[in-house]
Amino acid sequence: MSLFKARDWWSTTLGEKEEFDQGCLCVADVDNSGSGQDKIIVGSYMGYLRIFNPHPVKPGDGVQAEDLLLEVQLREPILQVEVGKFVSGTEGLHLAVLHFRKLCVYAVSGTLGNVEHGNQYQIKLMYEHNLQRTACNMTYGPFGGVKGRDLICIQSMDGMLMLFEQESYAFGRFLPGFLLPGPLTYSSRTDSFITVSSCRQVESYKYQVLAFATDADERQETEQQKLSSGKRLAVDWVLNIGEQALDICVVSFDQAVSSVFVLGERNFFCLKDNGQIRFMKKLDYSPSCFIPYCSVKEGTINTLVGNHNKMLNVYEDVTLKWATQLPHIPVSVKVANLQDLKGVIVTLSDNGHLQCSYLGTDPSLFQAPRVESREISYEEYDAEMKELQKIIKEATKTQDVLPKSEKHRDLIVTAEVSPDLDAESQAIDSEVKAEAIPSVTVKITIQSRVTAQKPNLVVCVQAPLAVTRDQFIFDDLEPDSSETVVLSVFLKGNCSPSELEGNCVVSYDIATGTPKVAQCNFKLPLRLICFPAQPSKAANHKLTIDTNKPPVSFLTIFPDFVDPSEDDQANVLGFQFLAGSKTTLLASKTSQRYRIQSDQLEDLWLITKELILRLEEHFKKQNCKDFACTFSGSIPLQEYFELIDRHFELRLNAEKFQELLSERAVQFRAIERRLLTRFKDKTPAPLQHLDTLLEGTFREVIALADAAEENQANLFQAFTKLKSATHLVIMLISLWQKLSTDQVAILEATFLPLAEDTQELGWEETVDAAVSYLLRTCLSKSSKEQALTVSSQLCMPKDTSRLKKNITVFCDRLAKGGRLSLSTDSATQQAAVMPGGCTTIPESDLEERTVIPGSTGTFPSHGQIAKQKSKP
């Protein structure tokens, strides 16, 4: 047994599925036996009242039948139990039980038994008070310095202190500035009540001040009556502790100074009677309960602090003296004298685990056996070594060294997208201005091969797409079990998405407590964001994709968009986006080309991507392995730059709106301060139109906020369009230069570095830094360019001229044979690949240039490159 575990002296479990809290435990000689032995009184929220007198035969024994003196079920939940001198005419101890709407005081008595059944205990109701307000907690003591009896103070949920002089109700007072009830205690030394308010400050109220303050029943009286009939309730002292308090305790021992202990969420404080801090201790755990008790060292106080790590720490002032492990999380702790054993620690958990324990260690009776001396046989050791090496060698030959559960994955998540759109759309709160907004069903299945604890499923789609539900929390999954959920995806924002993909992520814990993640992707249908439409002959933007195979009929590759009865759709097809323009797809009858045209550049992306994917899938089914797509047209850089400028303009507007809002807010607060000064002035003065100025400023703030919100929505749409156009440019560059998969990945990392666009880190500065890095490494002209350093701090540029220039140079160097690579020696290799280096083209040669496939910008023809090489 560990040295630092609490030694179990006696323990039991109370009832089934009962709940307990801080005030449900009390220890005292409640039956007035005079033996000096305490009894353990426990009340539960189920209304059960139990009284125990533990008598274990040996330490660690469980509960015996005779240990339970009394068990009775009351009609209402028990909030708190206390023992004191609550009955007039006698100084005997009685039991006070606090319910939500009732306070009951009982006398506990025992009758000696004449047979083996033992003594009998019973409770007798002495008196009760029906409460007009819902109770929270209570405290007791000799209020006002009375002798030989205790009075009771109950705090209600709405901040009223109700005081009872035993059988009669005395008065009630409301605490000023009350919001939520906190712990409450009484200090007999200063005759005051101490609590912690919702302002996170300790407050002390004198009993005499409470007694002479305005009565709570007269709270609605007029100002005239208030001035003549009573005093306002004033606080004696206040101390701000900056956190909520769990409990308060007042201690007064002979060898220690009278102190007020406050247990906070992260600290516990020791205060003097006047509210000054004697000391405080910062805790590195979350406490659950505490109790100060007498120390053997003069001038110090010991404190027991329980926490949510099932630990009980013993402090001497602020010094940790002992830490012991408990089998449960304590919500209440007491120190009692039981069976001639002083200082027994009594703890209670929220589910009813009651334990009496003590600190200390038991001596270990184990003794290691003597080692018998024997002669070493080296021959036997050599034979054993050879056998072990043989086993190791056989084990290393086995290829399947991973456990089966790891090889096949512990948990598998799959997503199945319905081939058809939902018959009844599940779209909710969509901003799309269309007659019908389609939705598609996604069925997600989780299969577990092991025990998966607390699995949590999160479904993500790229905005402006949305799901009907994005998070699912399951109960623990048993081995070889599965869970299935169904959700719908629809277009929520008023623009077309840049990707038609989704992601499912499942996070869970295995039996060992190790967290794990499983995920899968799913592809959404094109019909979710567009529908068939009449083709359009004219368009602002056109692209031509070349292939090495004869054109395929659209009836074959787009069966979900064409009508088989219409033969004219075999070579031409129209798509109308729900939140965009019309896009037309044409297949040449004579050549191996496809043309995509639209009025918006960004709307070309998804149709072009879908066309290439469906063509590849079609020829893959026909076992055609040499199918390839190329692009020989001009990359639409100027149109792409217009989208960049539009996005950057909205970012500038957002910055201006933020500055204007800040200025107007400062102005608004300044006017408020002026008005407040005028209103507080005892001699009335004219407002000098400050109220009119305040109202006008308020309207400006609201108008600016609305404009900033509208600009933010436009900025999101512009960024989505920019991402679609960027995807298109990346695809056209890869088809033009026949880039490998790794090179396409570098392109995507360069031009699509951000999932979201913010004012602090925007798309323009991030892409500019990435393109600049490629231009001075793998696409550099010379070693001088490699030596240039780029600023490590990204900030919003003043304009986009540098970015557009770098993108143009980037395409220029790709046209001259540059290749993308992230290796360190790529720059030196690049000089050999690009004859004569990437020299700058003078503006005077613009008229002699020819357009090279792959860019709307003009680059020198092959003849010009040859002329430049021949020059000395």
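Placement of Cβ uses the backbone N, Cα and C atoms for every residue, glycine included.
Pulled from TrEMBL, these are the features on record:
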DOMAIN    1-363  domain 'PTHB1 N-terminal'
DOMAIN    435-522  domain 'PTHB1 GAE'
DOMAIN    525-632  domain 'PTHB1 platform'
DOMAIN    634-737  domain 'PTHB1 hairpin'
DOMAIN    739-814  domain 'PTHB1 C-terminal helix bundle'
REGION    853-872  region 'Disordered'
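Over the domain 'PTHB1 C-terminal helix bundle' (739-814), the average per-residue pLDDT in this prediction is 82. For the domain 'PTHB1 platform' (525-632), the number of residues in each DSSP class (helix H, G, I; strand E, B; coil) is 32 helix, 32 strand, 44 coil. Residues in the domain 'PTHB1 hairpin' (634-737) partition by DSSP class (helix H, G, I; strand E, B; coil) as 92 helix, 0 strand, 12 coil. The residues of the domain 'PTHB1 C-terminal helix bundle' (739-814), classed with DSSP into helix (H, G, I), strand (E, B) and coil, number 42 helix, 0 strand, 34 coil.
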